[in-house]
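**Q** A single structure is presented below for examination.
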């Protein structure tokens, strides 16, 4: 069988990472990325890109931890390389604070991030409204530069990228041997996934170069995440809201909440507002499927539904999707050699 042709649909962090993992895992394949949106117009471009995992109720914890660990290890290596600045990846230390002690004082990811420990009384004095906190160092990904870095890596390996809206995965069956669906919230319509729903997120990006530490309220709703050039302030979690228009009342609410955690943000300049729809479901959809019409079969691998936690696990789920693609290639090669017999 000649080099299998693989189409990855979607060019957010999940699509680009999955395409890269396929190239690394199946070097003899021909990979193409198809998407109607590329950076800076993807949902991933709005993401804060902090590596603090979100928990998926429908996915075993050991699997979530593996995905996070693989992602952390991958980005940590980049952060220690000369490509760190271009890829937008850096280490950031800070605090996660709680108004009351959480049931789980040691989250499942505590031994993956660096230097995880309970906050001291002296540190907690900075947050008089809060009773308990955790201090640690994690990685922050500035999303637009990271997506461009991934695109550059893909182009260097010969991956083609085309601006194309795919209305039905089946339309690709004549051109490609395997299709990988990384369409995020687009999968709601593309494959009719009723378990997938949007969770609207509105964030602010401000100029406040004196803010060096992240601060995250334990409920995950209010956060201050310093990036290389701007500080991301958040946020919102609005289930089933499809609106991409910024809401001025929400902007004020986010700003006030963040100022209550870090008063110096009152002086922040040049506030930009961004909105994205997190593709949410009980668990990430990471599986193989065979579409068939009239005796013709098209193997599909799905990798979408990462919700608020996409950046924290993107590399881990991309590696798993690439492994599923390799299984599909093995099945295709097996059937073509049987056909020759």
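Heads up, the Cβ atoms here are built off N, Cα and C, so glycines get one too.
Curation does not apply to TrEMBL; its annotations are automatic.
Sharing the feature lines straight out of TrEMBL:
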type: SIGNAL; residues: 1-19; note: signal peptide
type: DOMAIN; residues: 5-324; note: domain 'FAD dependent oxidoreductase'
type: BINDING; residues: 43, 44, 166, 183; note: FAD binding site
type: BINDING; residues: 223, 278; note: D-dopa binding site
**Q** What same-chain residues, at least 6 away in sequence, bring their CB to under 8 Å of the CB of residue 223 (D-dopa binding site)?
**A** 48, 50, 214, 215, 216, 217, 232, 233, 234, 235, 258
**Q** Where does the mean pLDDT land for the domain 'FAD dependent oxidoreductase' (5-324)?
**A** 96
**Q** Using a 10 Å cut-off, grab the number of neighbouring Cβ atoms around the Cβ of residue 183 (FAD binding site), all chains included.
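**A** The answer is 29.
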**Q** Let me know the most crowded of the binding-site residues, choosing from 43, 44 and counting other Cβ atoms within 10 Å.
**A** 44
**Q** In whole Å, how far does the CA atom of residue 183 (FAD binding site) lie from that of residue 278 (D-dopa binding site)?
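**A** Answer for this pair: 12 Å between alpha carbons.
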**Q** Rounded to the nearest Å, what's the C-alpha distance separating residue 278 (D-dopa binding site) and residue 166 (FAD binding site)? Just drop the number here, would you?
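**A** Computed Cα spacing between residue 278 (D-dopa binding site) and residue 166 (FAD binding site) is 20 Å.
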**Q** Find, among the binding-site residues listed as 166, 278, the one whose Cβ has the highest number of other Cβ atoms within 10 Å in the structure shown.
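**A** Compared across 166, 278, the most Cβ atoms within 10 Å surround 278.
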**Q** Across the listed FAD-binding residues, 43, 44, 166, 183, what is the farthest Cα to Cα distance, given in whole Å?
**A** 19
